[in-house]
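K.L.:
Handing you a structure now.
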Amino acid sequence: MTTYFVTGTDTDAGKTLVASGLLALARRRGLTTLGLKPVASGCESTTEGLRNIDALTLQAQSMPTPPYATLNPYAYAPAIAPHLAARRAGRIPTLDALVAHVADPLAEKRDLTLIEGAGGWRVPLNDDEDLAGLAVRLELPVILVVGLELGCLNHARLSAEAIRADGLPLAGWVGNLIDPGLSFDEVADEACYRDNLATLERTLEAPCLGIVPRLAAATPDARAHAAADYLTLPGDA
C-alpha cells in the first residue's frame, strides 16, 4: 500500500484533476485505489446531503467505491476558505478528528491512496492548525500540483520549501497548464514555456510525474481519464 498527500500551489492549481488522473492510471493497471477529500467547501445541497464535485470525482476513481461520508467527512456549502466555512457551519474539524477518521480507510491498505488537501499547503484547518498537519501527522510523502501560469516558479518553490520544512518528502510534482496565455503559438513563447519547465525540474529536486495540457474533455470522469494519459505513477518516474 502507498499513500500520498496531494497539495497544490494554489486553490485552482488542478489537485483534483491530477489526483483523479493518477487514480485512473492506477486502475488501468488493475490496482485498488482510494481518493480522500477530508475537508471541502463549495458543496452543493442534494437529497443525500452536501456533496462536493471534487470529492465525487475522487469517489468515481476509487475502486472499490467507498461511501461518500468515508472520503469527505467535513463538507461545507459556502465556497470560501474551509476554516471560515467550518466556522459558519459551527462544525470545526481538528487534526485529531481527521486522523481518527482516515484511520479506517487507510487500514484497507489499497494499492494507491491519495488524500487531497484544500487550496495550498498553508491553508488553515481551524484557528490553530493547518490542513497540512494531517500529512505531517501521518508522515505522508507529498505530491505537488503546480498550476502552470505566470508566477508559478515562485509559488512552486515556496510550496516545496514549506513541505520539506515540515519534515516531509516531496515524492513528485505535476505541472497543470491552467493559463491559456501560456500557449506556444510563437517560437519564443514555446521557448519560455520550456525554460519554465526546466527551471521547475531543476529547482524542485523531485521527479516530474507529468505535464497535463489544457483538456477538452467535458465531464470530470472523462477529464480524469484524459489526464491519466499524461501522468506517471509515483515510483515509476
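Any Cβ shown, glycine's included, is placed from N, Cα and C.
Okay, these came from Swiss-Prot:
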type     : residues                                                                                                : note
BINDING  : Asp12, Ala13, Gly14, Lys15, Thr16, Leu17, Asp54, Glu116, Gly117, Ala118, Gly119, Pro213, Arg214, Leu215 : ATP binding site
BINDING  : Thr16, Asp54, Glu116                                                                                    : Mg(2+) binding site
ACT_SITE : Lys37                                                                                                   : active site
BINDING  : Ser41                                                                                                   : substrate binding site
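Structural setting of the listed features?
P.N.:
Under the three-state DSSP scheme, Asp54 (ATP binding site) falls in the helix class.
If you take the C-beta of Glu116 (Mg(2+) binding site) and look for same-chain residues 6 or more apart in sequence within under 8 angstroms, you find Phe5, Val6, Lys15, Thr16, Ala19, Gly35, Leu36, Lys37, Asp54, Leu58.
Other Cβ atoms within 10 Å of the Cβ of Lys37 (active site), summed over all protein chains shown, number 27.
Using a 10 Å radius centred on the Cβ of Ser41 (substrate binding site) and all shown protein chains, the other Cβ atoms total 23. Look at Ser41 (substrate binding site): DSSP puts it in coil.
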K.L.:
Can you tell me how far the Cα of Gly117 (ATP binding site) sits from the Cα of Ser41 (substrate binding site), in Å?
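P.N.:
Just about 11 Å between their Cα atoms.
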K.L.:
With every protein chain in view, what's the tally of Cβ atoms within 10 Å of the Cβ of Thr16 (ATP binding site), excluding that atom itself?
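P.N.:
Other Cβ atoms found within 10 Å: 28.
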K.L.:
What does the structure give for the C-alpha distance between Ser41 (substrate binding site) and Gly119 (ATP binding site)? Integer Å is fine.
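P.N.:
Here the two Cα atoms lie 10 Å apart.
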